[in-house]
Amino acid sequence: MKVATFNINGIKARINALPQWLDEAQPDVALLQEIKSVDEAFPREIFEDRGYQVETHGQKSFNGVAILSKLPLEDVTRGLPGDAEDEQARWIEATVMGDTAIRVCGLYLPNGNPCPGPKYDYKLSWMERLHARAQELLSAEEPFLMAGDYNIIPQDEDARSPEVWQEDALARPESRAAFRRLMNLGFTEAFRARTQGPEHYSFWDYQAGAWNRDNGIRIDHFLLSPQCADLLLDCQIDKEIRGREKPSDHVPVWVDLAV
DNA sequence: ATGTCCTCACTATGAGGA
């Protein structure tokens, strides 16, 4: 089973590029971030026509996550638990009903800039809620994964120019520590389980010729529960997508699971 | 680390977010 994550940076702007990638990559499940659309305006027919079940958790203008799945989805839930006041659409869960049922969580973790400031505080508190939800899910001792735009550069090797990011919310020590605490619950970061070394990125800024200079960062991640990590066959970054017509600033990352 | 892109607003430039 192939599961992908892709921050599309707006469904309207990616109305051609996203279906084209789906047709080529043929993921069984696609976790989308930054759909920037309310649920009613999401063009679900485009994906239903391709055999995907479509579940969205959108909001106007900003954020918004979705799950596309060729396998049936059950128990879809929307919103990260832990703060009834939080209006931002950044979390969606569903159980993918293949031969082995797998709980998938799609997430768009807050950017957190500028830092320090309220946005950084929100990022860190959101990560505490993520930690709590992860603990709950781990206690079931079943295969599950949490994937999406984490807005975290885990280590210096995950940036072309780490010195530039030192004071940024994506790389600040508190951000990295929160990500490590999450990992230390027992997750496997799928990409690093298979590929070591620098020069692997999932985001290149639109500005300053970042793509042409390969000035990227790796911020889109798959965290696998122990039972899910046992199923991991492969994890790759579809880098080539960034060089296409009207691309997102992120590219898809995917895992192949022995399911 | 700004040479851009995306969305929305009391429509066509500016604000806010990344």
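Each residue, glycine too, has its Cβ placed from N, Cα and C.
Because TrEMBL annotations are produced automatically, they should be read as predictions rather than curated entries.
Model, not experiment: these values are computed from the prediction.
Listed in TrEMBL:
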type     : residues                                    : note
ACT_SITE : A:Y108                                      : active site
BINDING  : A:N7, A:E34, A:D149, A:N151, A:D249, A:H250 : Mg(2+) binding site
DOMAIN   : A:4-250                                     : domain 'Endonuclease/exonuclease/phosphatase'
SITE     : A:N151                                      : site 'Transition state stabilizer'
SITE     : A:D220                                      : site 'Important for catalytic activity'
SITE     : A:H250                                      : site 'Interaction with DNA substrate'
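Highlighted in sequence order, A:N9, A:Q33, A:Y108, A:F203, A:I219, A:D220, A:S248 have their Cβ within 8 Å of the centre of the Cβ atoms of A:N7, A:E34, A:D149, A:N151, A:D249, A:H250, the residues recorded for Mg(2+), and are not part of that set.
When other Cβ atoms within 10 Å of the Cβ of A:D220 (site 'Important for catalytic activity') are tallied across all protein chains shown, the result is 26.
Straight-line distance linking the Cα atoms of A:N7 (Mg(2+) binding site) and A:D220 (site 'Important for catalytic activity'), rounded to a whole number, equals 8 Å. Counting Cβ atoms from all protein chains shown, A:N7 (Mg(2+) binding site) has 26 others lying within 10 Å of its own Cβ. Rounded to a whole value, the Cα-Cα separation of A:Y108 (active site) and A:D220 (site 'Important for catalytic activity') is 9 Å. In this structure the C-alpha atoms belonging to A:H250 (Mg(2+) binding site) and A:D220 (site 'Important for catalytic activity') are separated by 8 Å.
With a 10 A radius on its CB, A:N151 (Mg(2+) binding site) counts 26 other CB atoms from all the protein chains.
Listed in sequence order, the residues of the same chain lying 6 or more apart from A:D249 (Mg(2+) binding site) and placing their CB within less than 8 Å of its CB are A:N7, A:N9, A:F203, A:W204, A:D205, A:Y206, A:R242.
The residue listed as 'active site' is surrounded by 27 other CB atoms, counting those within 10 A of its CB over all protein chains shown. Ranking the binding-site residues A:E34, A:D149, A:N151 by the distance of their Cα atoms from the Cα of A:D220 (site 'Important for catalytic activity') places A:D149 first.
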